[in-house]
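Engineer: One structure is given below, represented as structure tokens, and several questions about it will come after.
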Amino acid sequence: MNIYHGELRARQRRVDAGREARVAAGAYDGVPNVQQLLAGRDVLVTGGSGFLGRVLLEKLLRSCPDIGTVFLLLRAKRGVPPEERVAGIVNVPLFDQLRREQPTAISKLVPVAGDCAELGLGLSPEDRAMLQDRVFIVFHGAASVRFDDPVRKAVLLNTRGAREVAALCAGMRQLQSLVYISTAYTNTNLRRIEERLYPTELDWRTVISAVENADTANTMDLLGHKLIGFHPNTYTFSKALAEQVMADAAATLPVVIVRPSIVVGAVKEPLPGWLDNLNSPASMWAAVNMGVLRVSKLSKKDALLDWMPVDIVTKATVVTAWASATKQLESDGTTVPVVNAALSDVHPVSDACCLAIYKEVQRSVPFSSAIRYPVFAQYNNWLQYAAIHLVYHLMFGLFVDGLLRLSGQKPRLMKVYRKIASATVALQPITDKVFTFETYKFWDLQRLMHPDDVKTFEFDLDSLEPRKDALNQLIGIWHYVLKGKLDKERGLRHIDRLFWMEIGFYVSLVAILIYLYLPI
């Protein structure tokens, strides 16, 4: 890790030197910083109710106090007033600091009834005209992130939705930047992924037309993985097509694409470890600490996972919008600027590293609702893994579900194991490969950053500490996602009790076997 961190520090020094040189050359003369750029200006955010979207909303409001209206494209809900829809997004601890420091800021969030899965985004003519008259910057992050969506559903929301957003933006009189939030894994057939667009095997127009046609839509779903080709799931397939939609729209629109890798909880702001769901690695950490997951199949030993804290992705997204709007990050007229928001070349995460860190911090955040003492191991040998998986997962799951049935409750543990297995299969094409992400523009954003924005939007990558960050992730999972109370002593008493109960079970089992097969 020291080798990687040495490279990180060296890059940071080059970034600082480059920014100082730009200041000396007068590159920022007359160029507004992020706060000045957005002062009194309106923005549109799609996907604002999602994990990344919420953090983006909070950052915009807290760090740009003079921002105009922040419009949220939200699906209409009958009988639910707009204020309640916004309240459902912001009434979480993520916005506590904003509420303390700027009590009226949340009033700038204005919902607009719409749906990215609908033609015309489901907007009323009045709302469409209003957005096209007022919006200055668009952040398009709405997407279905489920890996098992049928082709039709994924394409309608992720691909056609991008087309409809581009069509809306085409009529915006003040638009200065359209930031499309994609994923770093749109081209998993490659080992080195550059900051550029790659051609897709199918034309996005053809695919959209096929899923819109009632006669061919079902066929598209039935073809499934045969249709998506090298893509591991319909999510990356539909997002890759959406990038091509944006590439075509860039002929007339100021499009820029941000490709984050695996987004995890916040590392620093506004809350270290902030999470609001159990997607991505968070589900594994939660399952392990609950005592549900005890063993996993080790991916390739040289595989390095790319985890990006959500607050760093958010800062990169905002700075990308600023750099595009102020012409600091421009297209050459033939290509769309693409920013790979990735860290594996300077801050990699391996399975072995995860296991080592977990063993260090496991008892620091004990879950008082764990069902079994948390233990975790990884095996590279399939036979060894299968045997332990059978005993520790399948047999345990059947036993617990049997007890639940006897007590009149609904069995649920085997369902959890099926979900874990499904997620493992879906992620295997990614975890079993060694990807190298080109990140020149990601680092260049930091060099281009306005000096006045450094304090507020600095990526601060050299402050990453694996053990501390992992500890914050566990706290975030327990406190923010599972809504558990932070009580270490109570949690330790609970899991230690589980430990001795399990030891007692094994001792009793051995005694019974000895009694049955070795009678005295």
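One is the number of the first residue shown, and numbering goes on along the chain from there.
Here the Cβ of each residue, glycine as well, is placed from N, Cα and C on the backbone.
Here's the feature list from TrEMBL:
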type	residues	note
DOMAIN	45-316	domain 'Thioester reductase (TE)'
TRANSMEM	382-404	transmembrane segment
DOMAIN	392-483	domain 'Fatty acyl-CoA reductase C-terminal'
TRANSMEM	498-518	transmembrane segment
Engineer: Near the transmembrane segment (382-404), which residues from the same chain, at least 6 beyond its ends, have a CB less than 8 A from one of its CBs?
Structural biologist: 293-298, 371-372, 410-414, 416-417
Engineer: Please average pLDDT over the domain 'Fatty acyl-CoA reductase C-terminal' (392-483) for the predicted structure.
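Structural biologist: Summarising the domain 'Fatty acyl-CoA reductase C-terminal' (392-483) by its mean pLDDT gives 87.
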Engineer: Take the domain 'Fatty acyl-CoA reductase C-terminal' (392-483) and count its residues per DSSP category (helix H/G/I, strand E/B, coil), listing them in that order.
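Structural biologist: Helix/strand/coil tally for the domain 'Fatty acyl-CoA reductase C-terminal' (392-483): 69 helix, 2 strand, 21 coil.
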